[in-house]
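This report concerns only the one structure given below.
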């Protein structure tokens, strides 16, 4: 049957990508449907119960700056918070939160169910109807047809999903859930470039069977961090400890002796697994010289005894899992509540995507999350937000934007998408700060300053968040002006206080603002001396802007040069064979990727600076010819 309501956006999948996509589209005013195989699993944390980490928290903050749900849900469910790299530079500091699975899922569901313009429907999607090269409807497992102007597909690991435990395998999207077989077959019929990837998860353990007394305690940070710009420590539930144990020589021997029973090493799994989150059998094989690996024992929540042993993801047979877990200190009597497993699934070459995450081959069909070859909740969520935003822009009038995608210098989201569509991926892609060439400008702490104004123009940021952002920016400007007006000299009261509190002897006069340039003086010192009343976030922004000013200015100069290339668009149907002087190899690479700008063309492996110059000259010449024809 035809469903009586027509939608602007239909989102398939209720994981981290799907929920952010649906919320973004609905916030912008699009009539949105979120189609999920099970309403009870909306926002499910299928693997580790944690949000954030190196590179990942930057993405979470960007989702938050654009009005998304992930960061606030983390503040409402986080049972341990830590700042990683806290002693390193501001660019690489990252917040990580251990989350209560049940509380996180509840927070996401509450947000979804209270979002205007958003309907939720429980049923699997079996087909996407395409007419004249454009997605027009989604068909469910029972034949219900939802007509729509755009489709966002966020299928996670469900497309053609196969679960492996030892040499036994079964079809599944994750443990306990059916895979999407018909939809996977349909996408293959549409001739989209498909591949197979693999990911895995460890066994879960009953905390009552664990001896924590022989493990290292890993407490959270004090004072407690927050994940969202709108978050507050008062939102946090009860805080708990994590623990650390280690594998040992016996553990490694057990695993090595059973590699022939591993689906990875026997050749049963064809898909490539995540390089930066390998299974324990892969770690022991690749790092044969190491006789021990850290294993983090992480609580799954406040109302469950289940533990997540981070670091022993595996697809070995259950009897082997039991044996190697029992070989570790503190886990000698551990009761396994769920076995670890690997899952193999379909993904589609992200080089077939536009920067908006719309497919190049089918109009108004957007992909987000693991279907694009990424791994991680944060990577999925930020893609979902981008895809949902651009799907909504197709249907909602916006005076500022026809489409939106951030550049590499604007957001880690821009880095992630550019990496995917330019280089593609043959293994699950994970974000790191090292992937961003402008990471000093793309800090976790300034995502709101980079993106919230854009989010407001897009319709993603509500009045409450916008007011909070404006108040913060006004406080930064006001406090900066105040500090610039306060002078310290070797003889005056302020100068003497500075020396007394910090040990820094003044040899000449300086403003309180300029004193922050000294490595040993921090905003907290100046705030105490000058009776500042601003909050820590404001002080942090002022201190970073002063201490890193020279480096930031140099990066900005690099960005200004790069923007000239970013502003030179390349038509999607550009004929690279007409560019005189390009080698056949470069022509083939450009034709395969179909870069949208000269800057993106320059990031393709093997495309030389000389080739970019030739391309720029040809584009300029063609523009002149076109202008002349239009004039006549």
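Here the Cβ of each residue, glycine as well, is placed from N, Cα and C on the backbone.
Here Swiss-Prot flags 13, 14, 15, 16, 17, 18 as FAD binding site. The NAD(+) binding site feature in Swiss-Prot is assigned to 273-287.
Shown in sequence order, 11, 19, 20, 21, 36, 43, 154, 156, 369, 380, 384 are the same-chain residues outside 13, 14, 15, 16, 17, 18 whose Cβ sits within 8 Å of the Cβ centre of the FAD site. Considering only the binding-site residues 14, 16, 18, the residue whose Cα is spatially closest to the Cα of residue 285 (NAD(+) binding site) is 16. Spacing of residue 281 (NAD(+) binding site) relative to residue 17 (FAD binding site) is 29 Å (Cα to Cα, whole number). Taking a C-beta cut-off of under 8 Å and a sequence gap of six or more, residue 277 (NAD(+) binding site) has these contacts in its own chain: 199, 313, 375, 428, 430.
Neighbour counts were taken as the number of other C-beta atoms within 10 angstroms of each residue's C-beta; across the binding-site residues 16, 275, 283, 285, the minimum falls on 275. Among the binding-site residues 273, 275, 279, 287, the residue whose Cα lies closest in space to that of residue 18 (FAD binding site) is 273. Cβ packing within 10 Å was compared across the binding-site residues 14, 15, 18, 273, and the lowest neighbour count falls to 273. A helical conformation is recorded for residue 283 (NAD(+) binding site) in the three-state DSSP classification.
A straight line from the CA of residue 273 (NAD(+) binding site) to the CA of residue 16 (FAD binding site) spans 20 Å. For the pair formed by residue 279 (NAD(+) binding site) and residue 16 (FAD binding site), distance between Cα atoms is given as 23 Å, rounded to the nearest Å. The DSSP secondary structure for residue 14 (FAD binding site) is coil. Residue 17 (FAD binding site) sits 21 Å from residue 275 (NAD(+) binding site), counting Cα to Cα.
Counting every protein chain shown, the number of other Cβ atoms lying within 10 Å of the Cβ of residue 287 (NAD(+) binding site) is 12. In the shown protein chains, 27 other C-beta atoms lie within 10 A of the C-beta of residue 281 (NAD(+) binding site).
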